[in-house]
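Asker: Straight out of Swiss-Prot:
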- 103-115: compositional bias 'Basic and acidic residues' (COMPBIAS)
- Ser85: phosphoserine (MOD_RES)
- Ser96: phosphoserine (MOD_RES)
- 1-118: region 'Disordered' (REGION)
- 492-541: region 'Disordered' (REGION)
- 150-172: zinc finger (ZN_FING)
- 178-200: zinc finger (ZN_FING)
- 206-228: zinc finger (ZN_FING)
- 360-382: zinc finger (ZN_FING)
- 388-410: zinc finger (ZN_FING)
- 416-438: zinc finger (ZN_FING)
- 444-466: zinc finger (ZN_FING)
- 472-494: zinc finger (ZN_FING)
Amino acid sequence: MPRRKQSHPQPVKCEGVKVDTEDSLDEGPGALVLESDLLLGQDLEFEEEEEEEEGDGNSDQLMGFERDSEGDSLGARPGLPYGLSDDESGGGRALSAESEVEEPARGPGEARGERPGPACQLCGGPTGEGPCCGAGGPGGGPLLPPRLLYSCRLCTFVSHYSSHLKRHMQTHSGEKPFRCGRCPYASAQLVNLTRHTRTHTGEKPYRCPHCPFACSSLGNLRRHQRTHAGPPTPPCPTCGFRCCTPRPARPPSPTEQEGAVPRRPEDALLLPDLSLHVPPGGASFLPDCGQLRGEGEGLCGTGSEPLPELLFPWTCRGCGQELEEGEGSRLGAAMCGRCMRGEAGGGASGGPQGPSDKGFACSLCPFATHYPNHLARHMKTHSGEKPFRCARCPYASAHLDNLKRHQRVHTGEKPYKCPLCPYACGNLANLKRHGRIHSGDKPFRCSLCNYSCNQSMNLKRHMLRHTGEKPFRCATCAYTTGHWDNYKRHQKVHGHGGAGGPGLSASEGWAPPHSPPSVLSSRGPPALGTAGSRAVHTDSS
């Protein structure tokens, strides 16, 4: 029965085969010794099946070799798959039948029975042994290869991904392929359009787990959650900036725990310095409001008295968050509902610590914030600057959000609907105020009497009875009042129809001389009709 061929045959003895010095095959006992046959890496197999078929008793035939009775050379015979001359075969190592083939040298890990580790992607050798990943760092540790960076030629934008750079270049080219189907809004990125559509639907998918706060942007939620993180950090000794809360310490990576892995020094040169450097002397990049810090001359006019603090705070004085229309206030300080509950509970809620903890404060009112862009936006309220104007009417505002809210008056859009009745409106604050009718809640209480109401404007108007302030003064006669509705009714006596001040049209944004004109006019000029007067009354509060 024929034997199965071996996958890795060992050198064997072949009786009856002898190789003489003339490279001819003669029959005779002895060992098989061929200088050109048994080279390292060649597998020789006996074809015993063919021997049985031919009936030869001598094992004279090898795989690829045929016996030549005439004594021809092996290198010139066509039976060889490729010929080897004496010169070519001399480069190999001659083996005898008794010699053993030496195995290639193994690494220290293979000698212990371990598998070799992954090869280095740069040099192909074992990881940690090549010149690219060998000991060359300051501490003798391996050096990590630098990552490929894609940088913008027009600005300092840098990214590790080419797709991010392509998306960023649309910012410079002005291309805005994503357009809103309800308004003229267009954006270069789909994520911005998705965020914008929530302004039409009123959707607020991001909710704070610690309080009822909800918003439509993840960035606003993260900024809000800093108010729950704890006490603020110490102020900067150079510019006085104070962060809202310290960032939590990043846990060290496993590589850092075992030992610091230094990067190449030239890697740090690939990334530009994107940190904000504020020069000494404060926030000089904010709008210059030097003309507002005078002695009341210029815009306010000589002899004008300051407006009572009850009328013009539009932001929470506890956390700096901008208050919506109809949101609560207290005597002498407007505050949001969360800060009011925090003060009622003795400040144990972990909320903001007050205006003293803010890095940027307004010099004209108690407004303070952690962010310089919020202060710059707030200063437009005092300066009277209104860069956002309506294309359908003379309305103008200092804030883009107010303009968007105003445009719903023209379009008739009412995205906010009451779940208990058919009421719908275009302003979220109006929906909240309407919801108090169903709940019967009256969160606005007077600290001097038992008066309470469900709208902040009613509380502000009520507080004028205690203070005796009458900010609305007629320029034609000596009439003064504390209510805008009464003032409009009085203007009909002079034939102005309540649309504006004496001799001024509604588009000029009249403000009573008893108060700084920039404050009352910053929320939009009076408009014709009942809707316009209601909007002015809300803004003046």
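Heads up, the Cβ atoms here are built off N, Cα and C, so glycines get one too.
Help me see these features in their spatial surroundings.
Answerer: Summarising model confidence by region, the zinc finger (150-172) averages a pLDDT of 85.
For the zinc finger (206-228), the DSSP counts in helix, strand and coil order read 11 helix, 4 strand, 8 coil.
Broken down by DSSP into helix, strand and coil, the zinc finger (416-438) contains 11 helix, 4 strand, 8 coil.
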Asker: Apart from its near flanks, which chain residues at least 6 from the ends of the zinc finger (178-200) lie with a Cβ under 8 angstroms of it?
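Answerer: That would be 167, 170-171, 216-217, 404, 407, 413, 415.
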Asker: By DSSP, how many residues in the zinc finger (472-494) are helix, how many strand, and how many coil?
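Answerer: Helix, strand, coil within the zinc finger (472-494): 11 helix, 4 strand, 8 coil.
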